[in-house]
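Following: one structure in structure tokens, then a few remarks.
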Amino acid sequence: MFRFPLLAATGSIARGEYFSPAKKAIFSSSSVFRVVSAVFTAKSFSSKVSPTQPPQLDRQKIKDALKGSDPDLKDILENSGNWAQQVCKGQSPNYLYIGCCDARVDPTVLMNVNYGDLFIHRNVGNLVCGSDLNVLSAIEFAVTRLHVPHIIVCGHYDCGAVRSSYKQMDHGIIENWIRNIRDVQRTHHVELNPIKDEDEKHRKLVEFNVIEQCLNVLKTGCVQRTRMKSYKEQGLALPRVHALVFDPAAGTLKKLDVNWKGETKEFDYIYNLYPEDGGNSR
Ligand SMILES: [Zn+2]
């Protein structure tokens, strides 16, 4: 359910081809890509809930939400021509999307792609950890079975996980997860420490975190193996990895300009699992 007409994407999603009349009305209300409506403010999306405020239980709302997909699916199947037939053939996404669980960062709304283009994995803080079988399985499946040519790691400003990593406190079980972002802080402390403005520092850490997770993707054996094979056969190393950051306050999606070759070159002798000389030069 799209309560906020935040972002009108171009392409088939913007045209509302795959959505119910209600959703079509929302999408057709704006023709400009990534236009932020008046209701879309950082305040309106604040995740902070006052502890004194009693929880409101709108039973009808919940009921509607839970049964919401039925009429939509019916609408899709009846009105979308060969789309249903294509979907029945199986998935063929162009992107593996790895993003944060934050409710404001919905990849199907943010990304300017067609329905079915995203193979999605989300976790707190958009992390790619070498010990997380969940994300590693998603990567391996997307790369070796679905042959996605692009992998996106998308972070966002005002990220609770990143903010938590600045606090000197034990967050409980999630602390073990957040520690991965503390490690990003340590890795980039030379760049981060001189920044006095807290918000600016937060934004910078969000960006560093996304870049480090992209590097973690590139460190995996299956991605390296697939890129090497693709380069030998087609002259182009695929899948490519992209670093994105969503700004909830501005309603914009930013691609980080990263020189991946430069980023990986220095530690190539550590992380390159398929060196041309077989590793004999060490
Ligand atoms: Zn987040």
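Note: Cβ is positioned from N, Cα and C throughout, glycine not excepted.
Feature annotations, reproduced from TrEMBL:
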type	residues	note
BINDING	Cys100, Asp102, His156, Cys159	Zn(2+) binding site
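According to its DSSP assignment, Asp102 (Zn(2+) binding site) is coil.
In this structure, His156 (Zn(2+) binding site) is part of a beta strand by DSSP.
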